[in-house]
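**Student:** Below are the features I grabbed from TrEMBL:
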- 1-24: region 'Disordered' (REGION)
- 209-243: repeat 'PPR' (REPEAT)
- 244-278: repeat 'PPR' (REPEAT)
- 284-318: repeat 'PPR' (REPEAT)
- 319-353: repeat 'PPR' (REPEAT)
- 354-388: repeat 'PPR' (REPEAT)
- 389-419: repeat 'PPR' (REPEAT)
Amino acid sequence: MPPPPPPSPTAAAPTPPASPTKPPLCPGQIAALVLNHPSSTLTAASARSLSASILAAAPAPALPIPGPVANSVLKLLWHHAPRALLFFHALLRLPPSARELSPSTVDLALDLAARLRHPRQLTSSILALFPRHGLAFTPRTFPILFERFAVSQRRPDLAVRLFLSLHRSHGVAQDLTLFNSLLDALVKSRHAGKAASLVRALERRFPPDAVTYNILADGWCRDKDTSRALDILRQMVESGIAPTKATYNIILKGFFRSGQLQHAWDFFLQMKKRGFNDESCKPDVVSYTTVLHGLGVAGQLDKARKVFGEMSKQGCPPSTATYNALIQVICKKGNVEDAVAVFDDMVAKGYVPNVVTYTVLIRGLCHAKKIVRAIKLLERMKREGCEPDVQTHNVLIRYSFEEGEIEKALDLFERMSKGMECLPNQDTYNIIISAMFVRKRAEDMAVAARMVVDMVDRGYLPRRFMFNRVLNGLMLTGNQELSKELLRMQEKYARLRREIRL
């Protein structure tokens, strides 16, 4: 066989094999990059540095970073607000071709900024990004601020002031939907009376609708004042607005919340009776879940299970939330093995347990000193593709401490703080700090102090009582270095200063 002819000198050179392209960065990889960045302080230099690191790590085809990916990164970093905001500002410093800035991303950054200690200047600069980048405010933008001001900062006056200045300051029309979101923030901060006064004062500008009345009723129920909640129901009917199913469920939950079990049961029976002729009164899955949970918390497990059993017969099959409520009350008031049986029945019927299902059952097993089974359930949870959240980890940390497994609990915390699991939240730190006072050793006081420093770095402030308790523990064990660090922190943050009363 003759050899192949030599290639023509004009023939194209063979194309070299294409180098494999790097896959785009996933949210977890970007979050890890942010957590490992040398600085968590929000400065122009640190934002530029992180922006350069993201560009260096991200392959060109993966850019721009899509809005949903940016949102996922912010949610992964949610419990480390300073680093989450650092990522947001690094995102802004990327070339426009390398990022997509969506209104929902700005909303998340706004929420994070409003959670921090001195947020007004920061939130104002983030709000200014909407017009600067040609983005429209979303239906969530200002409700986020109402709730953060009223609930997180306990400054309902700031929330009201912001609402009243919306048109002047931001060119936003003050409509009933925004007004209702303000009322919702007020009642969540236990200011039902202020919300009711506001409705009366602005009734002509914002005539109440069903949502308005429901929010007011919920506010009084949160304050355990069901008589005023019933007054709201009467005012609603007198004004010609028909109560909704949500209205009745709010009142029903209010009776249970205030410990009025007989009133709650009678109200539920009335809903069932009227439901034959009025669909808005007929109990739904929320009604049944409220009743069985309320009865279970009160220790009436047999009655709660009877209500659960009648749901399907009444054409109202239970939801995953219903199963969660039943498992929770059985764990609290009954035998954890019964709760496991309910869980198995739930799975056998085709329901998919969610993170709440697993967490309440893990808590029940831990409470019953069945830690090994709780760990096995955690492993099963991961195998089933249900990622444990911070509450799940907090349960395991708390009960590990109670069992004397201090190193095990601190190891789990270490994995969380490095982002190997979900990030710790304020409850995580409170659990660990409290546990350090069981033995009251010098090294335990040092751990408690480092937890205080770490939580402040992550955007949380400890309660004044807990802060002073740790400071006293350091002084009693002679740790002058950490004592001085906490004293400097006390000078910096007014909320932590001791109140000296003469």
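Cβ coordinates come from backbone N, Cα and C, glycine included.
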**Student:** Reported in the order helix, strand, coil, what are the DSSP residue counts of the repeat 'PPR' (389-419)?
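**Tutor:** DSSP composition of the repeat 'PPR' (389-419): 25 helix, 0 strand, 6 coil.
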**Student:** Per DSSP, what is the residue count of the repeat 'PPR' (244-278) in each of helix, strand and coil?
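**Tutor:** When I sort the residues of the repeat 'PPR' (244-278) into the three classes, I find 27 helix, 0 strand, 8 coil.
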**Student:** Determine the mean pLDDT over the repeat 'PPR' (284-318), rounding to the nearest whole number.
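**Tutor:** Within the repeat 'PPR' (284-318), the model's average pLDDT equals 95.
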